[in-house]
Amino acid sequence: MASPPSSPPSPKKLKMSSSTSEADPDASAAASGEPRRRYKRRKVAIFLGYCGAGYQGMQKNPGARTIEGDLEEALFLAGAVPAADRGAPRRYDWARSARTDKGVSAAAQVVSGRFYIDPPGLVARLSAHLPDQIRIFGYKRVTNSFNAKKFCDRRRYVYLLPVFALDPSAHPDREAVMASLGSGNELARCVECSERGGSVVSACEERNDACKSELECSNTEKPEHGSEQGGGEDDGASNLNSMSSVLQPEKEREVGNGGFESREGEESCGNSRVDSVSKHGTLGSEELAADEKSKLVEGRLTEEETTKGGVVESTANEEAVLAIKSGFCYGDEEKERFNRILKHYVGTHNFHNFTTRTKAEDPSARRYIISFEADRVVTIDGIDFVKCEVVGQSFMLHQIRKMIGLAVAVMRNCAPESLMEVALKKEVRINVPTAPEVGLYLDECLFSSYNKKWRDSHEEISMASYAEEAEEFRMKHIYPHIAQMEHKEGAVALWLHSLNLRNYPDFHFVDTNSESLGAEQTEQDNLGQ
């Protein structure tokens, strides 16, 4: 007799995380008198977000407060790491997807390791030992060979850049103001930045003043010249921390956590935060307010806002109100130019000029940028920000901040656009400005290759399951912190005053070389004739 047909094999059961279950098997075992279970370590990927304020970066650094330091201690206190492995992350295969610098936040960071995830409720136990600015979203089971750093294909960062930073007339340096006198297109002195701590000084002037005070002082203590940025900052011309320590605000304005607005494909006007200059002269603050009020009455403009879950949607009338406050808008023309500037970074290039302590001959200086776009504008606490999104395989120390810094310098006409291509050349060494760290945050880590290979046996490593929680954390902690730093300390505003030829003489690098190359070409043509 023929044997009956064999039944098809049952599909593989995915290795699911138990982060959603809150039942405690130990409690039931103790009640029934059964012996306590011995748990095994499991390889998992933990999803978290954090606000970088008050931290010296992600990577653990002895003597400094870091995200990893607090997270490792929380893992021990939550029972995920035994006492024998406390302070020794290599013993449980610790790895991170991205290493953020000092002050940089993250909305979707991923770390991996071997932890005791049982009994259920690991997320709640971790959250109980972490501050509010570090949020654990959840975890997922992964393969034994998984490494959050090596298996991460791409990383997406976002830099929230105030719209006024792209306005050449906003926050000009002292040399630009003096040079514009009597030209018919005079620039106004930045009164608000001056009130933050007297007069706005450049990085070079600050260093000279510090040296003088050191010689005059009788004590032997050296004055601070700013703290180092995440492993060492040797770019003295863009030392924002030293400027912020000297230029402290006299009056701090209260900043709320609400007032977030998202607009895509619409024109947005930025706060120039300088004395408004009309075509016929300079208007005072009282005259400007009266002029705005009269225009609002004559035009019968009304402000209508609808609030949905903390997101404020502004109408076209509010756009008109913002347009009155500033003459600069991030419209189609400005958007097209800024995206054209950022497109120079796309592809594989040598970014040795956009980092520190990396030589041009070092293979690690070559990085692949997949995309760099700035199409959206968000409004947080009354300040318009351009959302600059960059996706790449990996990034070096300060690379994104320097990429933004040079792009802003070109957009403000401080440097020619041709400098973008020159800065990416291997044989050229120039000094590139570094944008403040406060506007940068890690948006997501992508694991495309891993998910494709192990989709039949393991859960997908992505933020799709925690998208709502990540957005809530972004709205509650990251965005308000960025706007608050601009309101209170003027992080970007003060940095804009340092973008001049005195601090960055390499802005004229292309012009000088082009003239010499043109002279050599003319001489060769004459010899040929």
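Placement of Cβ uses the backbone N, Cα and C atoms for every residue, glycine included.
Where the annotation comes from TrEMBL, it is an automatic prediction and has not been curated.
In this view, ASP101 (active site, nucleophile) is surrounded by 22 other Cβ atoms within 10 Å of its Cβ, with every protein chain counted. According to TrEMBL, the active site, nucleophile annotation covers ASP101.
What TrEMBL lists as substrate binding site is TYR157. For TYR157 (substrate binding site), the number of other Cβ atoms no farther than 10 Å from its own Cβ, over all displayed protein chains, is 24.
The compositional bias 'Pro residues' annotation in TrEMBL covers 1-11.
Under the heading compositional bias 'Low complexity', TrEMBL lists 16-32.
According to TrEMBL, the feature compositional bias 'Basic and acidic residues' maps to 215-227 (among others).
The compositional bias 'Polar residues' annotation in TrEMBL covers 238-247.
The annotation compositional bias 'Basic and acidic residues' is assigned in TrEMBL to 249-266 (among others).
Here TrEMBL flags 290-307 (among others) as compositional bias 'Basic and acidic residues'.
According to DSSP, the secondary structure content of the domain 'Pseudouridine synthase I TruA alpha/beta' (342-447) in residues is 28 helix, 36 strand, 42 coil. If you look up TrEMBL, you'll see 342-447 marked as domain 'Pseudouridine synthase I TruA alpha/beta'.
For 1-36 (among others), the entry in TrEMBL reads region 'Disordered'.
Look at TrEMBL and you will find 215-310 (among others) tagged as region 'Disordered'.
Across the structure, TYR157 (substrate binding site) and ASP101 (active site, nucleophile) are spaced 12 Å apart at their Cα atoms.
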